[in-house]
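Undergrad: Sharing a structure below in structure tokens format, with a few things to ask.
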Amino acid sequence: MTTVLAIETSCDETAVAIVNNRQVLSSIIASQISVHQQYGGVVPEVASRAHLETINGAIAQAMDQAQLGWDKIDAIAATCAPGLVGALLVGLTAAKTLAILHNKPFLGVHHLEGHIYATYLSEPTLDPPFLSLLVSGGHTSLIYVKECGRYESLGETRDDAAGEAFDKVARLLKLGYPGGPVIDKLAQTGNPQAFALPEGKVSLPGGGYHPYDGSFSGLKTAVLRLVQQLEKDGDSLPLEDIAASFQATVAKALTKRAIACALDYGLDTIAVGGGVAANSGLRQHLQAATAANNLRVLFPPLKFCTDNAAMIACAAVDHLSRGHTSPITLGVESRLSLSQVMKLYQ
């Protein structure tokens, strides 16, 4: 039985959690959404300062919630890549300090590997191989999960990530930040077939389309042109219908690629991770399509779809059980491929 305290500060959530194997003992998430709303997005310098102000209290809360002493903690982990460099440094430095102070092993964890492991928090018996659909504000990828630390990217977005597209369309419609939840809410009362929008296929040099890669920039532009035309005609914007049509288009595009990828590679399980995994439209499309194709789809609990430290701790537990630890000199990286996860360990 391995107990890990993990810290996640890659973007705008200050999160600390303690996990025993795949059981969450405590999970603290201090969101900065209200801080960044006035700017319409995350401001890196503001995020770093907010992490500094919150991190010590979050660690204390996590320890209190778990009702554990430091003697019961086996290792300390923190997200080290990818993410905002200043934000990552706050969490990584705090984790290293705790590891040195309490003489514990230290592990750096890849943020996207954490999102893969979020599914394990509700499905502790899940075993590779399976297909991971990672959909967040910064990443949209189809990942072949072979085992802990071994990942192969099979498809990705060529431009905007799914979550980024939601934020940009919400900004275009003057709905505020973050865009995902508000578009999802509006879409509940809208007509998803009101407007035909492009799914964003990626052409191949020899003709045809890439089966697993996608693009959301064209979809975003199509919504912009739709809004401009409606305003030019003097029509009021049917926000619910636009939201529903946009959300359905994103969900259909992601679902088609995920299903095709799983079937082509003989994988019977699709595990979805990242903030967009909370989207009701995506969940409905994937559940229907997987059932029709005799596949299984798994989602993390809603509270573990967005950034959290429990998923980071869960990944660290698996690495530690394999004898993996990180050097205390490990730094942060704004970009790091999932295929390079093992460079974090010694």
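Cβ coordinates come from backbone N, Cα and C, glycine included.
Checked Swiss-Prot, it gives:
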- H111, H115, D307: Fe cation binding site (BINDING)
- L134, V135, S136, G137, G138, D167, G180, D184, N279: substrate binding site (BINDING)
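Each of the listed features needs to be described in terms of its position in the shown structure.
TA: Counted within 10 Å of its Cβ, the other Cβ atoms near D307 (Fe cation binding site) come to 27, all protein chains included.
Annotation for S136 (substrate binding site): same-chain Cβ neighbours under 8 Å, separated by at least 6 residues, are H115, A161, A162, G163, G273, G274, G275, V276.
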Undergrad: Three states by DSSP: which one describes H111 (Fe cation binding site)?
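TA: Its secondary structure by DSSP: helix.
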Undergrad: The record names L134, V135, S136, G137, G138, D167, G180, D184, N279 as the residues that bind substrate; what is their largest Cα to Cα distance in Å?
TA: 18
Undergrad: Given the Fe cation site residues H111, H115, D307, which other residues of that chain have a Cβ within 8 Å of the mean position of their Cβ atoms, reported in sequence order?
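TA: Everything else in range on the chain: E8, S10, T79, L112, G114, A118, S136, G273, G274, N308, M311, I312.
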Undergrad: Select one residue from H111, H115: among these binding-site residues, choose the one with the most other Cβ atoms within 10 Å of its Cβ.
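TA: Sorting the candidates by Cβ neighbours within 10 Å, the top entry is H115.
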